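As recorded in TrEMBL, the features of this protein are as follows:
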type	residues	note
DOMAIN	A:98-299	domain 'ABC transmembrane type-1'
TRANSMEM	A:100-124	transmembrane segment
TRANSMEM	A:145-164	transmembrane segment
TRANSMEM	A:176-194	transmembrane segment
TRANSMEM	A:234-256	transmembrane segment
TRANSMEM	A:276-298	transmembrane segment
Amino acid sequence: MKATTLRRIGARVATLLASLLIALTMAFALGRLSGDPTATILGPMALPEQREALRHQLGLDQPLLVQYFDYLKGVFTGDLGDSLQFYQSNTTMILDRLPFTLQLVAAGMSLAILIGIPLGVLAATREGTWWDRGASTLALLGQSVPVFWLGMMLVVLFAVKLGWLPAGQSGSLKHLILPAVTMALYPMAHIARLTRASMSDALREPFIDSARARGISTTRVVWRHGFKNAMMPILTIIVLQTGVLMSGAVAIEYVYSWPGLGQLALQSIQFRDFPLVQAIVVFAAVIFVLLNLVVDLLHSVVDPRVR
Amino acid sequence: MTELLTISGLSISARLADCDLRLLDDVDLAVRRGQIVGVVGESGSGKTTLARSVVGLLEKNVRVDGGSISLAGEQVVAPGVDLTAGVRGGQVGMVFQDASRSLNPLMKVRAHLAEVLHRHVPGIDKDEVRRRSVEVLEQMRITDTARVLDSYPHQLSGGLRQRVAIGLAVVTRPSLVIADECTTALDVTTQTKVVELFRTLVDELGIGLLFVTHDLMLASDLCDEIAVMSSGRVVEQGTALHVLESPEQDYTRRLLAAIPAWN
């Protein structure tokens with residue numbers, strides 16, 4: 001690797017660490033803004049002394065700045081505090097739920113990519129035809145249908161009426177189908193629209209004509225010359241969408257009682273379990289920062305001009 | 001000498017929303033082996049349409065109304081006939097205007113050459129690809145072939161890029177090369193070198209060259225024959241000397257008058 005490349009990556013890492021710090025600070029501040037958790041935990045009948053004791057136990061009687069630095073120290077050593085409702089380490093709970101969410105996101109994203117990219121390429125290579133209009137309508141529809149509604153409709157059709165697939169919970173491949181399809185729809189539509197736009201720009205480039213003039217086959221012109229040049233924005237959106245799904249599949253996990261991070265987040269919010277909420281937000285922020293770094297690295301792998 | 005490219009009575013029009021637009025009107029043109037024919041005209045005169053029609057790179061709404069294009073006696077284009085896919089890149093090589101945009105930015109020069117060789121030379125092996133890649137770059141008067149082969153287009157100078165683009169057009173040993181405004185994006189010194197290169201290539205390889213340009217002086221320097229185009233017609237045709245010295249058409253005279261004088 002060249003020195004300029006290293007310097008560029010170094011600068012990116014520095015920016016990402018700065019944005020991570022801002023995200024961590026905001027997560028901390030939001031946790032403190034949501035009121036005194038001791039009231040929720042101990043109930044309305046608790047004595048002031050009991051609440052004071054709990055505040056001391058949770059470290060809430062410390063000055064804010066001390067709490068903040070304790071929290072940062074915890075984050076960087078992998079200790080995200082303990083949950084107020086489950087009496088467990090937040091880190092352990094997040095790591096327990098993570099495989100379920102990863103499984104769902106991997107299935108949903110693969111589906112979205114496998115359908116979205118060919119759909120977008122089809123539309124771009126047949127611009128202005130009925131293929132194009134059909135694909136674009138499908139993509140628009142996919143982006144406008146609310147996931148919770150789609151999820152419930154799929155359950156009604158495939159689980160209740162036809163009885164082909166289970167309505168919820170996890171376990172087998174059959175359990176994965178409905179939530180994965182539901183999850184795939186929005187990113188599929190997004191990927192298809194972006195692929196179409198990016199591809200139709202790429203196919204207008206002069207190097208496409210010159211490749212055709214050299215007698216290169218249409219398939220090769222479309223994929224090797226067109227798609228490879230159209231790929232960067234598509235890759236970016238795939239990686240960032242993965243981040244969104246990993247931390248935000250709340251509605252889907254709720255509809256299908258899928259035991260992933262989204263459910264955990266919902267439970268923590270309902271209980272005002274602020275250490276857990278904060279831990280999940282921190283986790284999501286770290287995921288986003290890492291994925292952004294992945295996008296950057298991918299960019300320099302794909303395009304020699306930014307190396 | 002044998003006729004390599006014969007265009008006779010070629011008429012081409014574009015279908016627009018409300019009318020048909022004539023792009024080429026009854027164009028006759030011939031290129032022989034070892035000959036450079038210049039097509040000169042201002043923007044919109046139809047010279048690029050003419051060049052692209054030979055390799056079948058016309059827009060979807062453009063169709064051939066009449067006439068034909070033949071290569072070495074075989075008809076490739078006529079109304080309802082388009083056999084250009086069979087000659088593209090093999091028998092006919094094409095060089096485009098701006099090499100910074102006509103080369104794929106994500107592919108090394110080596111990959112460009114390998115791709116076109118694999119496509120047109122059946123059963124070619126790795127060593128032969130390497131040998132012919134180096135050979136063609138040397139023909140392009142490129143000295144540091146190893147570096148150029150391992151470069152991406154953006155790592156090369158404009159002149160070098162255009163040489164690579166020309167090399168890509170001739171590496172399959174075509175009999176006809178079409179150059180569409182391929183010196184326009186270059187500075188004058190580089191332009192001169194590219195023009196000299198074309199001259200030697202035509203003499204060495206015995207190819208025919210159809211050289212499309214808006215630059216009448218450049219064409220008269222390089223070409224054996226010149227066709228002057230205006231509004232889709234060839235308005236004047238003859239040897240470079242003849243067109244320059246005793247233009248018969250008012251249009252050519254005006255083109256000549258538009259060239260700034262030094263004194």
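Keep in mind that glycine also has a Cβ here, set from the backbone N, Cα and C atoms.
Just so you know, TrEMBL annotations are computer predictions that nobody has curated.
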Please work out which recorded stretch in A:145-164, A:176-194, A:234-256, A:276-298 has the most C-beta pairs separated by under 8 angstroms from the transmembrane segment (A:100-124)?
-> A:176-194
Tertiary contacts of the transmembrane segment (A:176-194), defined by C-beta under 8 angstroms and 6+ residue spacing from its ends, are 103-105, 107-109, 111-113, 115-117, 119-120, 123, 135-136, 138-143, 145, 147, 150-151, 154-155, 158-159, 165-167, 170, 233-234, 237-238, 241, 245, 249, 252-253, 255-256, 258
Intrachain residues whose Cβ lies under 8 Å of the transmembrane segment (A:276-298), provided they are six or more past its termini = 9, 12-13, 16-17, 19-20, 23-24, 27-28, 30-31, 71, 75, 80-81, 83-86, 90-91, 93-94, 232, 235-236, 239-240, 242-243, 246-248, 261, 264-265, 268-269
